[in-house]
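Here is the structure we will look at.
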């Protein structure tokens with residue numbers, strides 16, 4: 001019988017020389033089981049690519065304009081099987097250069113989850129005088145982005161509350177989108193989510209297609225109510241600023257097992 005390298009190595013260890021054959025074989029079997037279990041665990045739970053202390057660079061592979069002042073950025077991870085390693089509720093720190101060449105850092109929340117293998121995506125709203133906006137505006141496919149993390153204090157566990165009420169405006173939707181997606185795509189998480197999302201015009205509603213799809217696919221678990229300052233002629237959402245009445249109508253009532 002041909003012995004494997006781990007078996008030969010185990011038998012060469014000093015303490016193994018004094019074991020009875022049956023105990024030695026049993027110990028080898030336990031080691032083999034342990035190694036197999038570890039292999040399966042790490043294959044199913046690959047290590048994330050992020051480093052909380054040091055910046056790492058990721059290549060921009062696709063840049064898509066999704067509104068007049070916002071774009072979707074797709075970054076490749078080191079291998080097609082890599083995951084970013086960002087827990088739900090956490091964000092990343094991004095480093096770039098402003099229009100004067102000065103270093104600038106900002107926090108962003110990816111819209112992807114660790115179920116998205118080999119890449120991560122950011123949706124960024126670029127303001128005319130924004131320092132980090134300049135960096136993203138100038139980025140071209142093939143450029144690298146310096147990132148470190150995870151960071152942030154918020155943690156989420158499936159089912160920790162019965163319902164969540166969310167209020168967002170503009171690019172503030174991205175951390176909430178990450179959480180919404182994690183909840184609705186997890187069949188074991190029965191949390192209901194109610195979102196009120198405010199913008200100026202219809203074109204400013206980021207991730208509208210995805211949010212509408214969640215609302216249509218999971219009607220009993222996710223509800224979205226859009227509010228616009230400048231609505232089109234045919235509009236059945238809210239108008240103006242988010243009011244107390246809107247919150248009372250489109251968010252769950254206060255309760256110990258409800259969080260807004």
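Cβ coordinates are placed from backbone N, Cα and C, and glycine is handled just like the others.
Because TrEMBL annotations are produced automatically, they should be read as predictions rather than curated entries.
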TrEMBL FAD site partner of 106, 108, 123, 125, 131, 132, 133, selected from 64, 174: 174
Of 3-22, 23-42, the range TrEMBL labels transmembrane segment: 23-42
Neighbour count (Cβ, 10 Å) for residue 174 (FAD binding site): 21
Site diameter for FAD, Å, by largest Cα distance between 106, 108, 123, 125, 131, 132, 133, 174: 19
